[in-house]
Amino acid sequence: MDEKQFTPVNTYEYQALAKSKLPKMIYDYYASGADDQYTLEDNMAGFRRIRLRPRVLVDISVQDISTTLLGISSSFPLIIAPAAMQKMAHPQGEIAVARSAAKNKVIMTLSSLSTYSLEEVAESSPTGPKWFQLYIYKDRLVTRKLVERAEKAGYKALVLTVDAQRLGRREADIHNKFTLPQHLTFGNFKNWTASDDKIRTKKSQGSGIESYFATLMDPSVTWKDIAWLKTITKLPIILKGITTAEDAAKAVESGVAAIIVSNHGARQLDGMLATIDCVEEVVGAVRSLIPVFMDSGVRRGTDIIKALALGAQAVCVGRPILWGLAVSGEDGVDDVINLLRNEFHLGMGLVGCRSVNEIHRRMVKRQNDSCLGVSRSPKYDERLSQPIARL
Ligand SMILES: Cc1cc2nc3c(=O)[nH]c(=O)nc-3n(C[C@H](O)[C@H](O)[C@H](O)COP(=O)(O)O)c2cc1C
């Protein structure tokens with residue numbers, strides 16, 4: 001089949017198409033998880049272990065799938081997760097994603113390691129609500145400047161990533177000697193050449209992003225730094241990367257505005273639980289004091305229903321957005337968001353919910369892997385090769 005005639009109808013097919021378009025080094029950087037990638041597969045398998053319990057004979061002729069997230073209205077409970085270096089997928093990179101997010105009325109989270117600057121992204125889509133993702137650098141001044149700039153540019157919250165004090169070992173990046181292509185730069189650090197230099201490794205070295213983190217990010221960050229961050233910003237702080245009740249309780253105590261249950265798309269600690277398996281524990285510890293969001297492995301509208309049934313207020317999506325961007329820029333991102341929105345809308349109707357508030361715990365039931373037997377979905381890699389074979 002001619003590639004032009006192939007229209008992806010789900011996020012897996014978008015991934016397959018993106019894989020056929022992107023250079024190997026870039027596709028591998030986007031797609032990979034850490035080490036053996038057990039958690040990468042499990043993030044998606046975790047959703048398959050949870051099954052839906054629909055209610056029938058509910059009048060679903062009028063449905064409202066919108067919601068409000070930290071005071072921001074959203075067309076459905078989806079947030080775009082921060083993902084670094086998006087110009088590698090498409091020349092419009094983060095700007096295409098921000099424009100699509102604004103058009104589709106969802107929140108976009110911009111990575112600190114974006115290839116457009118945070119100001120360029122803010123100006124490109126002034127009406128779209130945006131959050132800014134933050135890492136804490138050894139040089140606190142670098143972090144402080146980013147915070148000030150994000151605040152000035154109108155970002156509505158800071159998303160502090162707390163699961164990446166050291167970078168996970170992504171073996172494909174080591175083999176590929178991953179680096180930021182020469183024609184691109186980190187948009188937020190245009191006058192700080194040390195930033196770009198650290199990712200451009202010599203041919204003999206391994207992953208450039210690993211050496212970037214090892215040299216510049218601060219591995220000594222603790223809860224005290226949350227208190228420090230609060231002194232330098234008025235923006236709400238969201239902690240991204242909490243997966244246990246113990247840390248969730250500390251997060252609430254530290255006075256942050258929300259939590260994102262995340263394992264960084266399985267790119268950090270391989271062998272961790274799938275994040276969907278951490279949601280209930282975190283929600284329980286938070287006791288409704290602050291909102292809980294989740295990410296990692298969301299690929300279907302029904303995954304969003306499952307996350308909400310377990311107590312999350314919304315999900316964030318990472319890779320599916322990058323696949324849409326790689327396939328056809330802003331249009332591709334629009335299409336991925338629409339596919340997920342339509343699947344969520346349909347799924348909500350089929351489980352008998354007229355509004356997001358009606359999704360509740362009794363709508364899901366956990367199944368053991370052993371119960372799933374042969375009916376389990378095809379393995380992830382097989383799913384990816386199917387549409388490619390059809391091209
Ligand atoms: C290519 C790529 C780059 C990422 N860059 C960042 C980043 O700069 N900061 C961050 O906090 N998380 C980053 N993440 C993690 C995402 O924010 C998110 O947690 C993850 O992608 C969710 O899993 P999913 O891809 O299965 O949806 C990145 C993920 C990917 C795939």
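Yeah, the Cβs are placed from backbone N, Cα and C, and that goes for glycine too.
As given in TrEMBL:
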- H264: active site, proton acceptor (ACT_SITE)
- Y29, Y135, R170, H264, R267: glyoxylate binding site (BINDING)
- 82-84, S111, Q133, T161, K240, S262, 295-299, 318-319: FMN binding site (BINDING)
- 3-369: domain 'FMN hydroxy acid dehydrogenase' (DOMAIN)
Measure from the CA atom of Y29 (glyoxylate binding site) to the CA atom of D295 (FMN binding site) and give the result in Å, rounded to a whole number. 18
Expressed in Å to no decimal places, the gap between the Cα atoms of G297 (FMN binding site) and R170 (glyoxylate binding site) is 17
Can you tell me which of the binding-site residues Q133, K240, R299, R319 is spatially closest to Y29 (glyoxylate binding site)? Compare CA atoms only. R319
Which number gives the other C-beta atoms within 10 angstroms of the C-beta of A84 (FMN binding site), all protein chains shown included? 19
Of Y135, R170, H264, recorded positions neighbouring ligand 1, Cβ under 6 A: H264
Here are some binding-site residues: Y29, Y135. Which one has the most Cβ atoms within 10 Å of its Cβ? Y29
Cβ-Cβ distance under 8 Å, sequence separation of 6 or more, same chain as R170 (glyoxylate binding site); the residues meeting this, in order, are Y29, S32, G33, A34, F178, S207, E210, R267
Which residues of the same chain, at least 6 positions away in sequence, have a Cβ lying under 8 Å from the Cβ of R319 (FMN binding site)? Q15, Y30, A31, A83, G265
